[in-house]
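Noted in TrEMBL for the protein shown:
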- 93: active site, electrophile (ACT_SITE)
- 164: active site, proton acceptor (ACT_SITE)
- 9, 10, 11, 170, 209, 230, 231: substrate binding site (BINDING)
Ligand SMILES: O=C(CO)COP(=O)(O)O
């Protein structure tokens with residue numbers, strides 16, 4: 001059985017005043033039956049880790065460099081994230097693929113770096129609207145998955161996969177439950193093909209306009225083990241409602 005995960009991606013949002021939301025979230029879920037993760041901007045990472053220390057809320061980064069250290073101005077290594085209190089890192093988000101030209105090969109190298117630093121990697125895949133319209137969704141996400149994951153070290157503890165259709169991010173548009181199930185079932189099959197029994201425990205998150213109002217039906221969908229939430233993770237009250245829906249969802 002897979003342990004469910006509610007992950008919040010704050011993206012480039014949040015000044016120090018926003019730490020109160022993390023504290024409120026930790027207080028609202030003292031002993032959840034699921035895993036909870038918040039990924040703030042790097043500037044808040046160590047303070048957020050301190051703020052939620054001892055609670056059930058884990059903290060993660062939103063990106064890392066593939067190398068451990070060196071002359072890479074502005075970049076942050078996986079080891080630095082771990083040192084700042086992170087236990088996860090989001091990799092290959094579509095905004096990084098688009099804004100920074102990240103390729104599957106680079107994301108794979110970053111995933112290897114994350115695993116070497118003891119972080120769990122939340123590896124993101126997702127099609128654009130044009131790719132979906134062209135009937136390419138399963139081929140696109142399948143290629144992203146296979147190119148972004150390393151051959152070694154992939155287990156239920158070290159890797160989480162997030163399916164985030166690009167056209168559903170921040171738009172209020174959500175795929176049908178059949179469309180979500182089709183992609184998640186195909187990701188699960190691809191993981192099984194490549195990693196065998198170890199793949200059974202790898203969590204598959206859905207991301208893209210998850211809100212308190214649509215969370216329950218998404219969490220009841222085949223092979224959905226949780227969510228990667230953007231906008232609705234910024235407010236503890238909204239994210240709490242999504243967490244409650246995940247806790248109430250049937251076991252995967
Ligand atoms: O990109 C996302 C999470 O990584 C989803 O963002 P929204 O929940 O704001 O659509």
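Numbering starts at 1 and runs along the chain as it is shown here.
Glycine too: its Cβ is placed from the backbone N, Cα and C atoms.
Bear in mind that TrEMBL entries carry predicted annotations, made automatically and left uncurated.
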Candidates 170, 230: member of the binding-site residues with the richest Cβ shell (10 Å): 230
Under 8 Å by Cβ from residue 231 (substrate binding site), counting only residues of that chain that are 6 or more apart: 170, 209
Sparsest-packed among the binding-site residues, when each Cβ's other Cβ atoms within 10 Å are tallied, from 9, 209: 209
Spatial neighbours, same chain, of residue 93 (active site, electrophile) - Cβ under 8 Å, 6+ residues apart: 9, 62, 63, 124, 164
Listed binding-site residues with Cβ under 6 Å from ligand 1, out of 11, 170, 209: 170, 209
Local Cβ density at residue 164 (active site, proton acceptor) - other Cβ atoms counted within 10 Å: 26
Residues close to substrate site centre defined by 9, 10, 11, 170, 209, 230, 231, Cβ within 8 Å: 13, 169, 229, 232, 233, 234
Cβ-Cβ neighbours of residue 10 (substrate binding site) (radius 10 Å): 21
For residue 231 (substrate binding site), the three-state class that DSSP assigns: helix
Residues that sit under 8 angstroms from residue 11 (substrate binding site) by C-beta distance, when 6+ apart in the chain: 41, 62, 95, 230
